[in-house]
Structure formats: C-alpha cells, structure tokens
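> Quick paste of what TrEMBL says about this protein:
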type	residues	note
BINDING	210, 242, 361, 365	Na(+) binding site
TRANSMEM	6-24	transmembrane segment
TRANSMEM	36-61	transmembrane segment
TRANSMEM	127-145	transmembrane segment
TRANSMEM	154-180	transmembrane segment
TRANSMEM	200-224	transmembrane segment
TRANSMEM	236-257	transmembrane segment
TRANSMEM	352-374	transmembrane segment
TRANSMEM	395-416	transmembrane segment
TRANSMEM	422-445	transmembrane segment
TRANSMEM	466-485	transmembrane segment
TRANSMEM	513-538	transmembrane segment
C-alpha cells in the first residue's frame, strides 16, 4: 500500500525536483545562497533557509553515528551485551527494569541512552556518548578536510560498502526461519492506507530525505559539475537507483523483521505451553503449538477455577500482532535489528557488519549536509579572504559538536525526536515549493529551458515542464495542507517517554518550553524566505534614496543650483 504513493511521489516530485536542483547548481555555479541570488536578489532567503535546515540536521544527525560507534565497539564482545539481561546488584537475579521489557530495549534505553523519565528531567551529559559524538565529528572533519575532491573519494566507500553488506544480509535474511512471514507481510497491500494523509506525507518525506531535496547539498555538489554535464540523465539514474535501493533494503529489513517476529511468536507459544504443562501436570508432548487452542478450551472447561487463576499469566500469542508492531527510526535501527542479530549464529560478525554499514550510511549523509553549509560560506570572498577552508570546516564541525552535546544528555533522545520531527519536514516543503515557483515563474521556464538546451544539447520535453510548472507545486501545496491539518486535528503535541517502572514507552504531552522550541525550529528556517525578500527590498530602497540624494546634491551644488549657490560664499565649497 505504501509503494503506490511512493511511486507517485517519485514520478511527480522526486525526479523532477532532483533534476531542477542539479540543473540550478550546474547553471549558476554557486552554492544554495549564491544560486538563488542570481535568479533573483529577493530569493536570497531560500538559500539561507536551506543552510539553516542543513545546520539543524547536522546538529542532531551525527548523534546517530555516535550511537553506531557505540554499538560497533560493543559488537566485539562475546556474548553481545544486549543478548541477555544483566544481573542485579545482589547477583540473585536480573535487573528488574530489564525483566519487564527485553534485553535489547534495556541496552538501548538504559545502557546506551540512560534515558530520563521525561523531557523535564534533563539529567547530565553521558560522557561515553559525548566521546562517541566527538569521534563522529572528527571523522566527518577528516573526510571534508581537503574539500570536494577528498569528499568524493570518501563517498566511493560510504556508498559502495552498504551494498556489499546488504547483499550479505539478504542472503542470510532469506535463509532465516520465518523470513517468508516478513516478506508476505511486506508485499500484502493494505489499500485502506491510501485514504490516510499520513501515508502520503510519509512517502513524500521519504523521497525528500533519501534524495536530499531542499537541503542545498544537491545544488552545492552540482555547482562543481562540468557545465556541459548531462544532469537530466543523472537525475533519472540517481532517482531510479535510489528507489530500487530502498525497495531492496526493505526486502532485507522485512526478511529479518519476519525472523524476529516469528522468533518472538514461537517463544511466546513455548512459554504458554510450558506454563500449562507445569500447572496441569500434562504429559510431555501432549501439548503442541498445533493443538494449543483446542487444549486451552478443554482445560478451561475441565478446570475452570485453576484456569481462571492462571489466565492473567497466559499471553495471547499472535504472529500478526508481532508483525503489526510499527517500528521506525532509531527503534528499527538499534532495537529491532539488534534483537534479530542476537539470535543469529556468529552474531558478533553480523553485528559488526550491520553497524559498520549504518556508520557508512550516516557519514555519507553527513558529508552532503556539511557540504550544503560549507559551500555558501566558501563562496563568500569576505570569509575566505580571512580564513582558510580548513579553518571554516573545523569551526562548523566544532560548533555542531558542542551543540550536539544536548543530545547526549539523559533527556537527549527526546530532544533528538523534536529535531527529527519538526526541524526539517515543513521547512523542506516550503523551500522546494518556492524553488519550483522561482524557476518557472520568476526566472522564467522558457529562459531556463534555453539554459538547459545550452548545457545538455537537447530541448526540454513536456514531462519536465508539466511537472515543474503545475504538478509538483500543486502536490507540494496539498501535502503542506495535509501536514498542517494533521497537526491541528492532533491537538496537543505529544511524545513517547520511557517508563522504567513499566518497561515500556508511555505518551506524554510536550511542556510549554518544548512547544516554543518546536515553533522556533519551524519559524527560524521558513521565515528566512520572507525576511530575505524584505531585507533586499529595504536595502534596494535605501540605496535608491541615497542615490537620489547624491544626485540632488550634485545638481544643486556642483552644477550651481540657484538656491544653494546664493547661500554659499566659499569658492572651495562651490
């Protein structure tokens, strides 16, 4: 069901907007700020908004790499530290919090994040996570130290290694018990989801983030292209490879997800069977997964009182319920995968491969984000004349690392979710909408078509013109309305907090200061566009008034205007 809106978004939004940004960068030969300034001085705020969004993304995104480093370092232990619950202080049993949840969730929420019970309880900076974050930023800085040339070489590794690991995981995943259940679940369409606006918003968000639309990184990288580079062909190839990779990675994920769900389901069944056999003293082998339902009915009828007392301990095991457990983001990356890995043979090897792959993906993404920030800065002669590129890069990484320490606090994961949910999505929709309108209706579609004909040597076909001029803007406006309507109908914004007493996530309302931060995150990037236009208008107006004033003085004084000359006695003044 998700693939239908995903493909529609790819055709109407993904490929056209990718081509648009690549063409703008290649034609204007500038970063995001400089490129839109050339199109119109009033559009300088569009580039600034892209830089602000990229800055926000860099602030929190590298924390994922810090977590990947943390898990990678722990992957060399035997057994894996998240494979079993740790013993309590008395060494008489397992930690109470871990017993209420699972070993993988306990390792994530308690030993990795040491998460606080709510956003209001900030806690202290976790020094292990702070060191991992510092290491992550050091790696990023070393990758961008030599500029675009070194970044391109690093991307060969960060882009190719994940494919190798995914192929290994595909082979292993398809041979796992229960993998078929996950694949059946993936390819069984739920068409009712098409009527849910969130499905379309999710599909659009997936396209935006996976292709990097609106961040300015595409414009920054394309500005280094050869002017005659065929950016149309590259836009099509990259879009198709990107979507094919997404589906390929989904097959790998759902095969492992099916194994994890089947393992949990069968473990649940075995626990119920063991409990019933011990309680009612049944013969070995008389109770199996196949006849469990009939035997439960029989025992309930034959021993109603004993069965009623046992009922609260009997879990309702369901494979469908296990598969329906919606997990995304960090929960999928660090809980579901680690839970599946711990049950594999040679788990340390697969753990190292997985978290190395995750690290490569994260570093590759960070290189694009940082390029979107650095290219406009290095385009400025006022900055480059005073500081070298290495100093500028180091300063940007240092500032991001210092601010990123917020996400290593005990409440850091809650702030991570705030930035992840609100720092970019709404802003990207507005940025890309303004970009499309600017090219088609301010710069002029015919003029842009001539530029493209000069660059790639052939005329623009009807598909690109229709998408840019009508389909893409209308779709983005619709998504913008869906997005706002969804949050208006939701009411008070809420977040998922970890309750250690229950060993599960609970829903809480955001405090007022968190709502203020959310509003500031959205406004600080979106308001750059109108403010940039307003400041340009004021600057032009002042310049014109100053010019008129000097012209008036020139006419009256230097050319001997009567009203001024009569009052002027000094020949020097005249």
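Residue numbering: from 1, along the chain as shown.
Positions of Cβ are set from backbone N, Cα and C atoms, glycine also.
TrEMBL entries are annotated by machine, without manual review.
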> Taking the center of the Cβ atoms of 210, 242, 361, 365 at the recorded Na(+) site, which other residues in this chain have a Cβ no more than 8 Å from that point?
209, 212, 245, 364
> Does the transmembrane segment (154-180) reach the transmembrane segment (236-257), going by 3 or more CB pairs under 8 Å (6 or more apart in sequence)?
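In contact, yes.
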> For the transmembrane segment (36-61), which partner among 127-145, 236-257, 395-416 gives the most CB pairs under 8 Å?
395-416
> Using a Cβ cut-off of under 8 Å, list the residues of the same chain at least 6 residues beyond the transmembrane segment (127-145) that approach it.
62-63, 65-67, 69-70, 112-113, 151, 154, 362-363, 366-367, 370-371, 374, 390, 393-394, 397-398, 400-401, 404-405, 407-408, 412
> Checking distant contacts: for the transmembrane segment (466-485), what same-chain residues at least six beyond its ends satisfy Cβ-Cβ under 8 A?
9, 12-13, 15-17, 20, 197, 200-201, 204, 425-426, 429-430, 432-433, 436-437, 439-440, 445
> For the transmembrane segment (200-224) and the transmembrane segment (513-538), does the number of C-beta pairs under 8 Å, pairs 6 or more apart in sequence, reach 3 or more?
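With fewer than 3 qualifying Cβ pairs, these stretches do not touch.
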> I need to check the long-range neighbours of the transmembrane segment (513-538): which residues 6 or more away from its ends have a CB within less than 8 Å of a CB in the stretch?
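Same-chain contacts beyond the ends: 41-46, 48-49, 52-53, 56, 119, 418-419, 422-424, 426-427, 430-431, 434, 493.
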> For residue 365 (Na(+) binding site), what residues in its own chain, 6 or more apart in sequence, show a Cβ-Cβ distance under 8 Å?
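Long-range Cβ contacts: 61.
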> What are the non-local neighbours of residue 210 (Na(+) binding site), defined as same-chain residues 6+ apart in sequence with CB under 8 A from its CB?
242, 246
> Is it true that the transmembrane segment (236-257) and the transmembrane segment (422-445) have 3 or more CB pairs under 8 Å, sequence gap of 6 or more?
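Since fewer than 3 Cβ pairs under 8 Å link them, the transmembrane segment (236-257) and the transmembrane segment (422-445) do not come into contact.
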> For the binding-site residues 242, 361, which one has its C-beta crowded by the most other C-beta atoms within 10 angstroms?
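By the 10 Å Cβ neighbour count, 361 comes out on top.
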> Which sequence-distant residues neighbour the transmembrane segment (6-24)? Criterion: at least 6 residues beyond either end, Cβ under 8 Å.
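Distant Cβ neighbours of the transmembrane segment (6-24) are 35-36, 39, 200, 203-204, 206-207, 211, 213, 218-219, 222, 225, 231-232, 234-236, 238-239, 242-243, 432, 435-436, 439, 448, 451-452, 455, 463-464, 467-468, 471-472, 475-476.
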